[in-house]
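K.L.:
Quick one: the structure is below, and I'll ask about it shortly.
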Amino acid sequence: MTAERAPEARTPEPLTQHVQRITRRVRTFDRRHPLVWDLHLTGFWVTAALIDYYGGGWLNVARDRDNPGWLVLTLSLGLSVPLLLRRAHPRAALLAIAPSALVNAWTGIALQAVLLQLLVVFHLALRRPPRNLWWATALILTPISVMATRHPQGTADKDIVPVLMSIAVATAIGITVRTRRDHTEALEDRARRLEIERDQQAQLAAAAERARIAREMHDIIGHNLSVITGLADGGKYAAAKSPERATQALHAIATTSRQALGELRRLLDVLRDEDHPRAPQPELT
């Protein structure tokens, strides 16, 4: 009976890999140069609004075409320029757009640039608590309700329901991105804390090991020096009466000294860095 082959990991398609690379580059650029990115994005939408105005595209959706051109141009800029604040101050951006959106609805100009509020809602959901979304929804729906009441075309449901759905989608995307970002930051923070904890534990273990070695060195030196001192005193007195006993005492002193040096060498080897070359150790001959 043959063993089943493990499923092979699927390699992303070339197009998927290309999209992922572009996405990573955009995110990296956005993270490193947020102001430059905001200026480019805001400039893009301002240009689109101006093209819509000068090209007369707004006339195709306007519910009242008798409004002066300067007002249409002012509203086009008023609905797009505040996008520059959407990242750092999304509430301020939405409040800055609100007057233009209300005038846009009241006059029936109906510029499509008003939909840029959804981009601000996305950043509001991404960077602020969810409680801010209620007043943002009310702020966006107010001009839509004014438009449906003052310049009715069809039913109010056709004006309000799509906007509600768009707000819900923008909010859901913002919350999803925020949740994923918070989860990633939490994992990175946990990894950093674990690394710090491991370093601290290693330092504590090293300190405990050094303390243990210091105690052992103290015991070795104290014990062996006591023995050597006793043997030396005994050998001094024995030398006058029995040279053989003096020789035995000197031999015992040499043996004890070698043992002490061997034990000290073993302890010092533990403390010595492996990268450092070993220095020659003294020996008794």
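Note that Cβ sites are derived from N, Cα and C of the backbone, with glycine treated the same way.
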K.L.:
If I go by TrEMBL, the feature coiled coil sits on one of 16-43, 128-155, 184-211, 240-267. Which?
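P.N.:
Based on what TrEMBL states, coiled coil spans 184-211.
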K.L.:
Under a Cβ pair cut-off of under 8 Å, which of the recorded stretches 35-56, 92-120, 132-148 contacts the transmembrane segment (68-85) most often?
P.N.:
92-120
